[in-house]
Amino acid sequence: MNATLLDGKATAADIRRELTERVAKLTAIGGRPPGLGTVLVGDDPGSHAYVGGKHRDCAQVGIASIRRDLPADATQQQVEDVIDELNADPACTGYIVQLPLPRHLDANAVLERMDPAKDADGLHPVNLGRLTLGVDAPLPCTPRGIVELLRRHGVPLAGARVCVVGRGITVGRPIGLLLTRRSENATVTLCHTGTKGLAWHTREADIVIAAAGSPGLITKDMLRTGAAVLDVGITRTDQGLVGDIHPDAAQVAGWIAPMPGGVGPMTRAMLLANVVEAAERNATAV
Ligand SMILES: Nc1nc(=O)c2c([nH]1)NC[C@@H]1CN(c3ccc(C(=O)N[C@@H](CCC(=O)O)C(=O)O)cc3)C=[N+]21
């Protein structure tokens, strides 16, 4: 069996084109152009690469960008001062705090200090709460990117059995909330490193979302023939980036979102979508 590619790279490029038009419309009606801020603390090379990519994406679709980089030994107060500054800056319509923060900082206190209306990642506790309640709010970028990727490739969601592996706050925890909305109507099982008999759960699934950060965790014997398999794991090794899906999974999968080229580019595109939508909300509010 040859798995169909869930092509995140191409789909993200389509979405950026759509957003470019919406940004042009916003500015044509006299609105303030959207501006994305990033807060980066420390010098993790991966985080620097992601933040750099986000600013390039912004330039491409006409979103202004504001970059605040702090040293690895920045204090809680210094980070929170930057949060206050971006909350007050009218040119910054949305922003993100790149995670993880260095361990000496209280990430939850930082997220909580953000203006929820400017939360481009959907990770502010108020916005996670709104997601739980089903109230309109910015959605976490990776879960939103996964839903969009499946939709645009015609992978059926209604009634589908989805197995999520990983309980992180950016992906595993929130994705079940999106997929079980009436509009998606999937059934979701949330597994993690403590799950007994993981393969029993994954083999039942029509869709497997691997977001555990455990290289090669999902092997072909753990999959139902024809299943859609999405690789959200990224582990840096001496041999380069390794995902959570073992390469042999392509032999049995019906669809596969690889790493790289699958969910990662969609995450970036959804960040842009959140920023544009926040600016559109503001434009209709006045
Ligand atoms: N506040 C916050 N929001 C995030 O959304 C967030 C974060 N913190 N911290 C780190 C993770 C990781 N993440 C990625 C985004 C894009 C790719 C991506 O574009 N990957 C490419 C290339 C990978 C590469 O070459 O490095 C791909 O998969 O094709 C990867 C990882 C967002 N995160």
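Count begins at 1; order follows the chain as displayed.
Note: Cβ is positioned from N, Cα and C throughout, glycine not excepted.
For GLY166 (NADP(+) binding site), the same-chain residues 6+ apart in sequence whose C-beta sits under 8 angstroms from its C-beta are GLY172, CYS191, HIS192, ILE209, ALA210, ALA211, ALA212, GLY213, VAL232, GLY233, ASP244. For GLY166, ARG167, GLY168, ILE234, the entry in TrEMBL reads NADP(+) binding site.
Per TrEMBL, domain 'Tetrahydrofolate dehydrogenase/cyclohydrolase catalytic' is recorded for 6-121. Across the domain 'Tetrahydrofolate dehydrogenase/cyclohydrolase catalytic' (6-121), DSSP classifies residues as 61 helix, 19 strand, 36 coil.
Here TrEMBL flags 140-282 as domain 'Tetrahydrofolate dehydrogenase/cyclohydrolase NAD(P)-binding'.
Cβ contacts within 10 Å of ARG167 (NADP(+) binding site), excluding its own Cβ and spanning all protein chains shown: 17.
When other Cβ atoms within 10 Å of the Cβ of GLY168 (NADP(+) binding site) are tallied across all protein chains shown, the result is 16.
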